[in-house]
C-alpha cells in the first residue's frame, strides 16, 4: 500500500466481489480515523503547551523547567515499555526534546534571537539517527514538525526585521513592552510584512496538510505540530494587537 492511501491496507485488499461480512466494518474504519485524529490533536496541543505553561515557568524557575525534562523522559520510557501505550510514549519522547530546548533557550538565552533556532535543533542529530534506523517515528516526526514550524516563524522575524524588537522585549520590563509591540506591529502590517506572512502561512499549510493523506500515525503527528504553528503565531499576533 502506498503511504498516501487514506486507509489501512486491509481496507483496500478485499476484491470487489468479496462477501459483505469480509469487508472492513464501519467501526474499524472509524477507529482508525479516530486514532490518527487523536494523535494529530495531541501533537498540536503539545506544541502549544510550551508557549503558555513553559514560558511562564521557565522565566521564574528555569532549573525546575530543565529538570522536568527528566520527568518527561521517564514517563516516555514508562509508556513505551507497555504495548498498549508505546505509541504515546513515542510521541512524548519527541515532546521531551522540544521541552529541553525551550528550557535552555527561554531560561538563559532568550535575549539573543540568533541562538533560538540552534538551541531548538538540539535534538535534530538524535532524531535523524533514530529515523535512519526506523526507530521512534512518531516522536521524531513530531519533533521535526515542531522544529520546522519554529524555523518558519524565525524566518519571518528575519525577513520583516523584527529581531531588534525581539531582543528589546526580552530585555525590557513586561510592564513597559507595549510601545515595542506597537512598533513591531507597524512592520508586520506593511505590504512586505503581510506578503511574507501570507507566503509563509501557505508554506506551513501545504507542508502540514500533505501528510494527512498518509496512513501512518507519525505523518499525522508531524501535521499536528506544523499546523499548530499557524494557530500559535496567529494568537501571538492577536495578543500584540490587543496589547
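Every residue, even glycine, has its Cβ placed from backbone N, Cα and C.
TrEMBL: automatically predicted annotations, no manual curation.
These come from TrEMBL:
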TRANSMEM  35-53  transmembrane segment
TRANSMEM  87-108  transmembrane segment
TRANSMEM  138-159  transmembrane segment
TRANSMEM  192-212  transmembrane segment
TRANSMEM  219-240  transmembrane segment
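Most Cβ pairs under 8 Å with the transmembrane segment (35-53) belong to 219-240, among the candidate stretches 87-108, 138-159, 192-212, 219-240. Listed as Cβ neighbours of the transmembrane segment (87-108) (distance under 8 Å, sequence separation of 6 or more from its ends, same chain) are residues 39, 42-43, 46-47, 50, 54-55, 58-59, 62-63, 65-66, 68-69, 72-73, 75-81, 115-116, 119-123, 126-127, 136-143, 146, 217, 221. Outside the transmembrane segment (219-240), and at least 6 residues removed from its termini, the chain residues within Cβ reach (under 8 Å) are 3, 36-37, 39-48, 51, 91, 94, 138-139, 141-146, 148-150, 152-153, 156, 181, 184-185, 188, 201, 204-205, 207-212.
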